[in-house]
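A.B. asks: Quick one: this structure, given as structure tokens, is what I'll be asking you about.
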Amino acid sequence: MRSLLFVLSLICFCSQTALSWKKEEFRSCDQTPFCKRARSRTPGACSLIVGDVSITDGDLVAKLLPKAPNQGDGDQIKPLILSLSVYKDGIVRLKIDEDHSLNPPKKRFQVPDVVVSEFEEKKIWLQKVATETISGDTSPSSVVYVSDGYEAVVRHDPFEVYVREKSGDRRRVVSLNSHGLFDFEQLGRKTEGDNWEEKFRTHTDSRPSGPQSISFDVSFYDSSFVYGIPEHATSFALKPTKGPGVEESEPYRLFNLDVFEYDHESPFGLYGSIPFMVSHGKSGKTSGFFWLNAAEMQIDVLANGWDAESGISLPSSHSRIDTFWMSEAGIVDTFFFVGPEPKDVVKQYASVTGTSAMPQLFATGYHQCRWNYKDEEDVAQVDSKFDEHDIPYDVLWLDIEHTDGKRYFTWDSVLFPHPEEMQKKLAAKGRKMVTIVDPHIKRDDSYFLHKEATQMGYYVKDSSGKDFDGWCWPGSSSYIDMLSPEIRKWWGGRFSYKNYVGSTPSLYTWNDMNEPSVFNGPEVTMPRDALHVGGVEHREVHNAYGYYFHMATSDGLVMREEGKDRPFVLSRAIFPGTQRYGAIWTGDNTAEWEHLRVSIPMILTLGLTGITFSGADIGGFFGNPEPELLVRWYQVGAYYPFFRGHAHHDTKRREPWLFGERNTELMRDAIHTRYTLLPYFYTLFREANVTGVPVVRPLWMEFPQDEATFSNDEAFMVGSGLLVQGVYTKGTTQASVYLPGKESWYDLRNGKTYVGGKTHKMDAPEESIPAFQKAGTIIPRKDRFRRSSSQMDNDPYTLVVALNSSQEAEGELYIDDGKSFEFRRGSYIHRRFVFSKGVLTSTNLAPPEARLSSQCLIDRIILLGHSSGPKSALVEPLNQKAEIEMGPLRMGGLVASSGTKVLTIRKPGVRVDQDWTVKIL
């Protein structure tokens, strides 16, 4: 009876939580002691100075010492160890930790497995330290080389670290502790009478190691706005959180949480944490700062005048944004990125944490999901309805109800008795299936996974050393300890066909609830004093738990296919490095217009901070979207990197054919737009895989000196060639669209030309949202509609050539087999297209050893903005003429009913993998 009452109380809790986000369930800064302590500090409070500077193993190494000698028998300030390392491409790494030679009570946790191994190969071994006395200082500062244009300065007294330009007025780029807010709570030994416990609501945190927080200020120079530090449902340009005129005086929180129906325009933390901030200013220069730390973090963006008596004397032409970073535990392990261009900063960050995994082609198509498709018959009917309504899709998803009692790696034998046959029927059409696998394991002695994990000692422990027992979807649950490489390898092995009975090569994985979510835990997550392998407290690794779970699952799918095929794993929790293992989505959003709008700054922020493969649930997870909202969401979502429809089980069914013929047509057109542009998207995913530059980008990344773009988060770039403006208000049939730059833009719907550098008011009919191709670009497409992306493999390409004022354009196309890792061994096609002086040329960008070939042809070449009236085109080396026609613009099977006539070269007969030219006569 007692257990039944507990179950009923948890059911009540879950249902109440699902109704709305309850702010009181989660801590504010004032309810978080380390944050409250740090925020009370005043500028100049730091009492540390730098001493004993030397070069050791190519690094600048020094001690941080108390400025005044320790007095009395109170807490003694012990020296800290500082090390500064320099890397190629303008990266500085600063680490500060306890002095291990003084035998601190324990070793602070340093996050492993995030910095890629190749990064250390870029280290510049410092040979010497120069000295310089800064005006007003009583002791010299240490100066080291960073690159030909930059140097790092370690100021001794007062303690400060910054990177500056070498030339001119030696402009600062990024600095740490310029305002003297640095504080490092040193580990101590508990003595009689000490009470280190903390309480929140009904939960008590034993805090066995006591206070150990770190805080410091970071300043960005020549800065108009700062961006990044996801995950929050806020504007793209981060608003100040402290100082004059601030309405919401709450820091941006980084603490992975299971948040239902989250608020928009809130600094409270969501499902992921990436402590990477990017600054951009009027000069067009960009810089960045990254703190590698997995403990809870709180970050203030300080408003101008946050402390009128502090600050650095700067010329009036300079602007600066100050920020304040606070963490509960860990060490200082920070990275300064000098830029100076926007893409330089994201590349520098990617060189530390890695670039995005190259997805399989199917993963870039449309995904259909619901909690839950109830049985095999339901799956078959949904699949057939897509075909009946001529709507392509690539993946059908199954949520938790497909399992045997929420036991992962199992199937409900009544509802899904033939899982392999079900998957094979989808695979026959080129489609895949995804099933959910969460980190909470049902505590059932008859469940093979729980039995094995218990016997092997693979669960996270509670503070007493017993297997942690929390509550989640299956009821009483334990959680796999993903911090251990041994356990991660074991977990990966669960995805083998032998262990995951009923799985096939077309089955992929969804990791949800991996913050981790614990329904009866503090803030719906795991207690901070739970223990991981090696005695690491959960507070130290919390934000990385989902990252390790994602990693282990992805590695498991690679092992399953013996390293041949790329994995696909969707994760809700995120952390630096997540991009190496798969896609993410923005969690449990709501069927509201504001949630549609906020999806854009959320996805832009994720892309800027390395997570290039992201999306939001189309239509909102909670609630029932009105047809107009759902249509507009599909129209925007067709340009998300990750494109998935999903809904809660209490919502009405919302497959695209359930809202009347007209709305079905509109949603089908939006999905067709995505499939038409798949060659362009896939090329952009390859760019992200190589460089780290995101697929979906803020306007200022392409137009860094255009101030009108700096806070624009309702429009976005897809690559460098497309600009998309969403419609975010009910009943809207017009939109104001700012088109940056000096060149023209071409409407994707009809080819109409708009000048750059101004705002245009234009129609936004129900058929589509405003979208434009930038003059000077060439975009590859496929215009034949198929059931799935794999059925498009042999279809011909269309090249859309958007000419600029010089009658020139260029673009790229990347092709591989769409599924394997053979591209790493040179099996791919990479072409560059250039139109100049009336000639379109295709040249090879792949290395000479690249060996993939293709029989696919270029079927159409569409020229937008061609100034003359040509009569024919000459194709070389075939030495043949191609047909030319003037007419309306075609987008897939759609033909513009009005607009500018465009020139189309039909059937030039050239192969996509060969060199050729097409000359306009």
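Each residue's number is its place along the chain shown, starting with 1.
In case you wondered, yes, glycine gets a Cβ from its N, Cα and C as well.
Below are the features listed in Swiss-Prot for this protein:
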ACT_SITE  D512  active site, nucleophile
ACT_SITE  E515  active site
ACT_SITE  D588  active site, proton donor
CARBOHYD  N689  N-linked glycosylation site
CARBOHYD  N804  N-linked glycosylation site
SIGNAL    1-20  signal peptide
A.B. asks: Check each residue in the chain of D512 (active site, nucleophile) that is at least six apart in sequence and keep those whose C-beta is under 8 Å from its C-beta; list them in sequence order.
C.D. replies: I436, D438, R572
A.B. asks: If we check Cα distances from N689 (N-linked glycosylation site), which of the recorded positions E515, D588, N804 wins as closest?
C.D. replies: E515
A.B. asks: Quick one: Cα separation, D588 (active site, proton donor) versus E515 (active site), in Å?
C.D. replies: 13
A.B. asks: Hey, what's the Cβ neighbour count for N689 (N-linked glycosylation site) at 10 Å?
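C.D. replies: A count of 22.
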A.B. asks: What is the one among the active-site residues E515, D588 whose Cβ has the most other Cβ atoms less than or equal to 10 Å away?
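C.D. replies: Comparing the active-site residues E515, D588, the most crowded Cβ belongs to E515.
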A.B. asks: Which ones in the same chain are close to N804 (N-linked glycosylation site), with CB under 8 Å and 6+ residues apart in sequence?
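C.D. replies: Non-local contacts for N804 (N-linked glycosylation site): E743, S744, A775, G776, G865.
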